[in-house]
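Feature list (source: Swiss-Prot):
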- 10-45: disulfide bond (DISULFID)
- 20-36: disulfide bond (DISULFID)
- 115-197: disulfide bond (DISULFID)
- 160-174: disulfide bond (DISULFID)
- 171-182: disulfide bond (DISULFID)
- 228-242: disulfide bond (DISULFID)
- 333-341: region 'Connecting region' (REGION)
- 345-670: domain 'Transferrin-like 2' (DOMAIN)
- 348-380: disulfide bond (DISULFID)
- 358-371: disulfide bond (DISULFID)
- 421-643: disulfide bond (DISULFID)
- 473: N-linked glycosylation site (CARBOHYD)
- 478-671: disulfide bond (DISULFID)
- 488-502: disulfide bond (DISULFID)
- 499-513: disulfide bond (DISULFID)
- 548: N-linked glycosylation site (CARBOHYD)
């Protein structure tokens, strides 16, 4: 038999140690054995796991934050799942509840009275206070300048913060006699207590979670509203769009090494055989409702009903989410952390060609635009989700992924005539995805199988999502590698058939088939070049042929080409001239869009408007720099962009993509979702 692996669980009390040893005795005979390691505190456990003296422990959000910091760098590998009315979930939302009829907004909170669940609690303290510090509403210079409680006492006129002992003002609004009213478990503590404090008129705002009003006063729900970060108010049920942060469930953390699979197979097995609804006399979780605090929440929270595996790419920062992560960061800040870069925009550039263009833009914009350089679009989406970069212009396929990751479209590129430009577009601009073949071939949409294909890149709209979505609907198979005999789809696995025709940059073998301008056949022009030199069909957009024939493209491969050398494939099996794309196309799709985090959207919209006045097609400074044009392929923006079109505030990525396209990408992504999409789907499902 193969040697058994041991998983060393870290415990922080004798009650936990006892439960852990009992679990060891009840374990189903598995290839994994359990040993229990007791430490004094969760921080000692984090250190022990980091030093390879233990393997795993389940922690709450604030502790997951610490475990993820250097030097420990632990990552969440499984999330606890809790039951809620309407299904199971792995998170809740922190909200600010106010009475309807009071007319103040988030910016008017200074001098108001406030109700909190308790000092140091997520929804009641860490998130609201961290957020107000992050927004620079509460002025606090960090630990050096005194404890954050003093800064909060200066901000609100009076509060009830159960457990606060340093500042009298922070429990002035609490209920009870002088001795007990400030206690952690006083009458106004917890979610229902903080809500009662608002109800009794002791506070103007209560910081609670999204279910609190429903659980305490369902029939009075209409008398309350939520304060949103964007400066508006919304009904109590709109907590998904009007919350201060999503609070992640407790998570099991571990070192980022090969042991993760063993820990998960051990956890999955135990949760299955010893979890809720099993006949075992040992309970892995709970049961809930224990009276003795010493016996509560041992190893896992009592309210957990199961564990859910966390996708590979997830780290603590993605797991906790931007709002929660920044709130905790703001509460722990010392002098070293930088304040928010309010009037700058951190643009995300991909590869060295975009870097040099972005650096020039940064110089001419007097530093209003700064650049973050990464290897591909996916890395940029992660960076923006984490708040370490602000914006990037993406193809619709990536707008989908970015949307699932919580980013929103801010402006769209427009390529048609300039009449579109002056209009404030409610509707995004569109283009057509087409399939182009050589006129001399006998190929139709119905006999494409086994031919040689050329794609702009995996995951992009015209080059991949549309044609492969249609093929997927037709064949029902996810084996795209088998459909064409060979091809070039930059971003495919290096040994796949769909990298066979790719060329790289000619300088570096490792660059063959990469999804960036380092691959000759990347993008629209690249895919057309691949058709001319090697392929049978190219999946591009309606204008690509016109942009590269009759001398428009001076490169050797395009010499002598005319429109008449090519035809379009229609989905009904017919063929058409390349100018007939309005009647013969694979789909009508939205243009590229700049995406950003929702709370940055307006800032970026304004900033881009200003930049376009200077460096756009008719910019006053376009001799110095042109933001849409570039020497090589489409850098930062598509080169044909005539202008950026403002999208209406609050537009969702689904609306931007349109039903037809959204459905096609969603269906395609059931096949093999990228690691990033798995992470964001996990977070979106919460």
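Indices start at 1 and increase along the chain as displayed.
Including glycine, each Cβ sits where the backbone N, Cα and C put it.
A straight line from the CA of residue 197 (disulfide bond) to the CA of residue 174 (disulfide bond) spans 8 Å. Using a 10 angstroms CA-CA radius around residue 358 (disulfide bond), the recorded positions that qualify from 182, 348, 421, 548 are 348.
Cβ contacts within 10 Å of residue 45 (disulfide bond), excluding its own Cβ and spanning all protein chains shown: 26. If you measure from the Cα atom of residue 513 (disulfide bond) to that of residue 473 (N-linked glycosylation site), you get 26 Å. The most densely surrounded of the disulfide-bonded residues 182, 478, 488, 502, judged by C-beta neighbours within 10 angstroms, is 488.
Look at the Cβ of each of the disulfide-bonded residues 197, 228, 242, 499 and count the other Cβ atoms within 10 Å; the largest number goes with 197.
A strand conformation is recorded for residue 488 (disulfide bond) in the three-state DSSP classification. Most Cβ neighbours within 10 Å among the disulfide-bonded residues 115, 421: this distinction goes to 115. Using a 10 Å Cα-Cα cut-off from residue 174 (disulfide bond), the disulfide-bonded residues that qualify among 182, 478, 488, 643 are 182.
Ranked by Cα separation from residue 36 (disulfide bond), the disulfide-bonded residues 10, 348, 371, 643, 671 are led by 10.
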